[in-house]
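Going by TrEMBL, these are the annotated features:
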- Gly375, Gln376, Thr377, Gly378, Ser379, Gly380, Lys381, Thr382: ATP binding site (BINDING)
- 155-320: coiled coil (COILED)
- 320-617: domain 'Kinesin motor' (DOMAIN)
- 1-45: region 'Disordered' (REGION)
Amino acid sequence: MSKGSAIPTGARPASAQGFRHPGGGESALESGAKSVMKRKHTDIKGRLEDTEAAIAEMREIQAQERVETMALKEQLEDHKLRAYQLETTRVTLETQNTQAQFELELYQKKTSELERILGDERMARAVERDDASKRLRDETDEIRRRLRDEMDGIIRSHREALETMERRARNDLEDEKSARAREIQELKMQAAMEKQRMELEMDGSGRDLRAIKAELETTRMELENARNELQREKVMSASLRDSLSEQSGATLTLESSSRALRARVEVLESDGRAQANNYAELEEKLRQSYEETRVAQEKLRAEETLRRKLHNQVQELKGNIRVFCRVRPTLPSESEMPADIRFPNAAHNPDVFEEISQLVQSALDGYNVCIFCYGQTGSGKTYTMSSEDGMIPRAVHQIYATAKELGEKGWSYKMEGSFVEVYNENINDLLGQADDFDKKKHEIRHDPKELKTTITDINTVTLDNPAKVESILRRASQTRSVAATKANERSSRSHSVFILKLIGLNSVTGERSEGTLNLVDLAGSERLSHSQSTGERLKETQNINRSLSCLGDVIAALGNGKENSHIPYRNSKLTYLLQYSLGGNSKCLMFVMVSPMQAHLNETLTSLKFATKVNNTSIGTAKRQAKITG
Ligand SMILES: Nc1ncnc2c1ncn2[C@@H]1O[C@H](COP(=O)(O)OP(=O)(O)OP(=O)(O)O)[C@@H](O)[C@H]1O
């Protein structure tokens, strides 16, 4: 393809058509000539003066025009500079957009990672805390129970031992006391008897008295020993009491270890509280991440709005109607020589699509877009539009991918496709039944308020997955080939229009956009001689010629640029159908397809002339069909 190799001729400046007075009147030359003519032949001086005056006027006009040309050139330079600046801004914004998207993804990843860690951590801590508290409770209970049992056992055994010892000591003491009392009683009795006897004998012998005293002394000493024994028993009882108090000390130690355990429980509980604080911190971080994500999303949405505006400005600066020329390669079946014209190398469909992808984006942004393929039969129109990797499937796939990306910015899209042909000024539904062709009447209805066009009784397919477009193209081609058996080769004798309606709604901003993408494969443009055709064939020929020249007329009338001037949309079905997709509210691109063959040279020249006519047209600024709903 020769990208942008359309031939711009440019409007022929008024100045080139003869020098005229700015007000319109006759030219300086003409008026000069007339004054010269009025002079007598002999008035050579007068005639010379008139001629010089006319020449001076011409020079003045030329100087004015030079100034105007300079001003126009400066304007052109300004526009170019503005386009370059906008393109730079668009690239910067796209970079920022990508950066913001990347950051958003990063935040989302971080957020989900933090959420996951927090969840895991929470679960692990909860399990750990539960386990620890349960273990601690069990341990404390067990220790308490064991200590209580031990203490009870010790106290019981000590009490028993003490009681036994006391009882034994008391008994021993009692026995001892009564034994000693008995002994003392006996000794007292013996002493009394002895005293009696000694008193009796005292008179007799002083020696016997001393002996009795010594015996008394012995008895008193034995009494003293018994008292000492009693004292020892008391000491023993005291030592028993000491051991009892020792046991109480052990009990106290156990109680203090119980207190230490309780303190550990408290430490664990305060650990739990610290963990709860950590959770709160993590939750705060999570909340901050959410907030950052929300801010990033808002920024992204604002940038998307700006991107739409700038994208449209760039498209407008490129021109709302553009023409590209595509030269198909020589086919293996073609044995003739190719024409002796040097065309650039044939482009492939992906390269061609690159040229229109920006306009597909405009349709998503809410503008009406028309893409035509014009050219003689066999020049590659259907190949460009409907082949497996042609513009229709590529446009639908791009729309899907972009709509998905726009989903992040709050946009959701509904896509509806229909496919019709215009044959002999009749509309046929390519997604309907071939039997209905040329019988069923389909009417075109316009809604001037909403600027919407509908066709009655046609099938519309909701394109809810990108694969559907292939089945639509297959169905249309089958329907056409069934219909073709009844008439001539249908595809070259009719125009086909693939209509894709794109309705977008932004759930966040409430913005709504509605754009239509029309992909038109025109009937073969070869000059058909009326003289050689008769009957049906003649009618077909007339209709094709008329509708193609009508398309050219509509574009030329639009290019006239006069407000409210008549545009002959109604002169053909095709232009009537595309009324709202041509003109001020739309963007238009025309591929002019040409064959490289020598035999097709005349047709190629005719096609290139048509391309020139369209290329010299400029359509007014497009208005986006977008509105805010409640
Ligand atoms: N760029 C290209 N590369 C390879 N083959 C091509 C190319 N363009 C066209 N062809 C081949 O040329 C032949 C004619 O092309 P196509 O049917 O698209 O022409 P057309 O203009 O649509 O004709 P018609 O008006 O009859 O529908 C086809 O076999 C097609 O595969």
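Each residue, glycine too, has its Cβ placed from N, Cα and C.
Remember, TrEMBL labels are computer predictions, not curated facts.
Not measured: the values here are computed from a predicted model.
Neighbour counts of Cβ atoms within 10 Å were taken for the binding-site residues Gly375, Gly380; the minimum is at Gly380. Counting neighbouring Cβ atoms within 10 Å of each of the binding-site residues (Gln376, Ser379, Thr382), the lowest count belongs to Thr382. Ligand 1 lies under 6 Å from the Cβ of the following binding-site residues, listed in sequence order from Gln376, Ser379, Lys381: Ser379, Lys381.
Considering only the binding-site residues Gly378, Lys381, the Cβ with the fewest other Cβ atoms within 10 Å is that of Gly378.
The ATP site, placed at the center of the C-beta atoms of Gly375, Gln376, Thr377, Gly378, Ser379, Gly380, Lys381, Thr382, has further neighbours from the same chain whose C-beta lies within 8 angstroms: Arg328, Cys373, Tyr383, Ser492, Gly524, Met593, Ser595. The average per-residue pLDDT of the prediction over the coiled coil (155-320) is 79, rounded to a whole number.
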